[in-house]
Amino acid sequence: MSDTARISGGSFTSPPGRDVELNSFKEASQTRLYPYSSRKEEEGREDEQQRPEREEDTGALTGYKLVLVTVGLCFCIFCTSLDNTIVATAVPRITQQFHSLDDVGWYASAYLLTTCAVTLPFGRLYTFFPIKWVYLSALFVFELGSFICGITPSSLGLILGRAVAGLGGGGLFSGSLLIITQCVPLRRRPAFSGFIMSIFAVASVIAPLMGGAFTDHISWRWCFYINLPFGLVSAVVIFFTFQTTKPVVQASLREKAAGLDPLGTATFLPAIVCLLLATQWGGAQYPWGDGRIIALFTLFGVLLACFVGLQLWARERATLPPRLLRGRNIWGSALYGFCLNGAMFTFVYYLPIWFQAVQGTSATESGIRNLPLVISNVIFAIISGVLVSATGYFGPFMLLSAAMASIAAGLLSMLHPSSGAGEWIGYQVLLGSSIGMGFQLPVFVVQTTLASTDIPTATALMTFIQLLGGAIFVSVAQNVFRNQLAADIRAALPMLDPKAVINAGPTSLRAMYSGETLTTLVAMYNDAVVHTFYLAIGLAAASFLAATVIQWRPSPKSISHPDSS
């Protein structure tokens, strides 16, 4: 046969050896773009997805540079986490100034919607472009949104600013964890990541307290101005201290564009927006049977089906390569984080309501009474990170965390109007310890069991899942709370308008009612809050079941590094 391809009957036959050449070229191209992933695409087993046992930590920092980067990342996480809940106590003053009561729901949801929607696509940006510049770009967008919120003269401007801030915030949480992977050797990574992630929980708890203090003593605009100096410090530290590294995946511009999965992103973003709008509006702003809610859920289902189909078709170039979800450690960790975060945010939102409505504290005092939850969370996040670093195991700590969270949720559901400090302090310490121990572990799993090329996408996935769990179940808890309180009022106090009582808020209860009516309403508030805690019990128990699928296998600890002893 000649060296020239022959055409016979409309068929093309390659010369000898050409098929081998073409196949080798295709394999080499895919390996260049996805050097770890392509070899394992059809396997999906955890033990085959584990990163090499020895991997150079060439970008690791030590001394004051490591301290500066850690502080800078903490500032970023603190600011983005504050924005989740800080606006809650400022809403009454904002609506009074802008005469915008109908826009109240958008002040919180605009930030949440864009944050959740862009978190997963940011994983691809971190894969194909230098982490430093993607991170600083996200920080700039977040700061721009905060600046718009601070100076806006209108309600529409505030909503726009919140949405812009969310676009940047969606890339900062996962980006902070990725910078840690670049700066800290693997054996020390859990301790650093645990401390940084504990800042998220701390900021989420104290944000309403800070928002109330700014609103009462300075201006509600400082709820957003506060982000500017913190963000500036973070930007300066990251710019001068964190060295620019090559992208995780080396590829041409065309390959990068394909790897960003524009079609998948175009279906994923509106799908998440539809889901979150439906869960936030349903039962609160509109009845669940309202055409708008049904349409949103329908659109979500259609868009999600399109997204899944596109991911299966795109495979390695997908926003979320299907291969990543085949390993039980990955999908088990995702389910664990989804449920545990949902339980945590249920308590973050409704424990202050219990203090204010049932025990008659002010918003500021309720924040102070949440300190046992905050302090225990931080302490056990650090302890958990150190123990995981020392033992190399994360499975046992995930089980212990979920078991403790289930017990703590059950104990908190036993609170009543006459509960003493010993009860609510002790129960919060147990809850904070359990959440602190397990909150960061899903990220540890992906960062210690996957190849380096998969870490940005998998880290973004875990961040997205945790944010989504909090967003969805806070909305579910809100509906449980409102429906239970309204039902109790209609049954025992038919002369009162349930909507008026709910809209008045927990801090106005004692100013509006007295005597037997107040006593009855306090008991009803207690009952409604406890029903949200029942939801948290179920979520904590579900996280325990998810933790049972995680393999008890030591993660790599011995990483070669010039600074290692």
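Cβ coordinates come from backbone N, Cα and C, glycine included.
Residues or ranges marked as region 'Disordered' by Swiss-Prot: 1-57.
What Swiss-Prot records for 1-14 is compositional bias 'Polar residues'.
As annotated by Swiss-Prot, compositional bias 'Basic and acidic residues' applies to 38-54.
Marked as transmembrane segment by Swiss-Prot on the basis of sequence analysis: 59-79 (among others). When Cβ-Cβ distances below 8 Å are used as the criterion, the transmembrane segment (59-79) is approached by residues 139, 142, 146, 172-173, 176, 179-180, 182-185, 192, 195-197, 199-200, 202-203, 226-227, 230-231, 233-234, 236-238, 241-243, 245, 561, 563 of the same chain, each at least six residues removed from its ends.
Panel annotation: around the transmembrane segment (128-148), residues 76, 79-80, 83, 122, 157, 160-172, 175-176, 178-179, 182, 224-225, 227-228, 231-232, 234-235, 238-239, 242-249, 251, 256, 259-260, 456 of the same chain, lying at least six beyond its termini, place a Cβ under 8 Å from a Cβ of the stretch. Per Swiss-Prot, transmembrane segment is recorded for 128-148 (among others), and the stated evidence type is sequence analysis.
If one looks beyond the transmembrane segment (164-184) by at least 6 residues along the same chain, the residues whose Cβ comes under 8 Å of a Cβ in the stretch are 57, 59-61, 66, 69, 73, 76-77, 80, 83, 110-119, 122-123, 125-126, 131-132, 134-135, 137-146, 148-149, 192-193, 196-197, 200, 224, 227, 238, 242, 245, 443, 447, 455-456, 459-460, 463, 467. Annotated transmembrane segment per Swiss-Prot: 164-184 (among others), in sequence order.
Sequence annotations record features per position, and here Swiss-Prot assigns transmembrane segment to 194-214 (among others) based on sequence analysis.
The feature transmembrane segment is assigned by Swiss-Prot to 222-242 (among others), with sequence analysis given as support.
The transmembrane segment feature in Swiss-Prot is assigned to 257-277 (among others). Among residues of the same chain six or more beyond the transmembrane segment (257-277), those with a C-beta under 8 A of the stretch's C-beta atoms are 33, 109, 112-113, 116-118, 120-121, 124-125, 127-128, 249, 251, 296-297, 299-300, 303-304, 306-307, 310-311, 314, 317-320, 468, 471-472, 475.
The feature transmembrane segment is assigned by Swiss-Prot to 293-313 (among others), with sequence analysis given as support.
Same-chain residues lying 6+ beyond the ends of the transmembrane segment (335-355) with a Cβ under 8 Å from its Cβ atoms: 85, 201, 204-205, 208, 361, 363, 365-367, 369-370, 373, 398, 401-402, 405, 409, 412, 415, 424, 428, 431, 435, 438-439, 441-442, 462, 465-470, 472-474, 477-478, 481, 506, 525-526, 529, 532-533, 535-537, 539-540, 542-543, 546-547, 550. Here Swiss-Prot flags 335-355 (among others) as transmembrane segment, drawing on sequence analysis.
Positions annotated as transmembrane segment by Swiss-Prot: 378-398 (among others).
The annotation transmembrane segment is assigned in Swiss-Prot to 399-419 (among others). Long-range Cβ contacts of the transmembrane segment (399-419) within its own chain (Cβ-Cβ under 8 Å, at least 6 residues beyond either end) map to 336, 340, 343, 347, 351, 354, 358-359, 384, 426-428, 430-431, 433-435, 437-439, 441, 522-523, 526, 529-530, 533-534, 536-537, 539-541, 543-544, 546-548, 550.
Positions annotated as transmembrane segment by Swiss-Prot, on the basis of sequence analysis: 457-477 (among others).
Among the features that Swiss-Prot reports, transmembrane segment is placed at 530-550 (among others), with the record citing sequence analysis.
Stretch with the most C-beta contacts under 8 angstroms to the transmembrane segment (222-242), considering only 194-214, 457-477, 530-550: 194-214. The list of residues near the transmembrane segment (457-477) in space but at least 6 beyond its ends in sequence, with Cβ under 8 angstroms from a Cβ of it, reads 84, 112, 115-116, 119-124, 126-127, 173-174, 177-178, 181, 272, 275-276, 279-280, 282, 284, 319-321, 324, 330, 333-334, 337-346, 349-350, 439, 442-443, 445-447, 450, 532, 535-536, 539.
Cβ atoms under 8 Å from those of the transmembrane segment (293-313) belong to residues 261, 263-264, 267-268, 270-271, 274-275, 277-278, 281-282, 286-287, 319-322 of the same chain, restricted to positions at least 6 beyond its ends.
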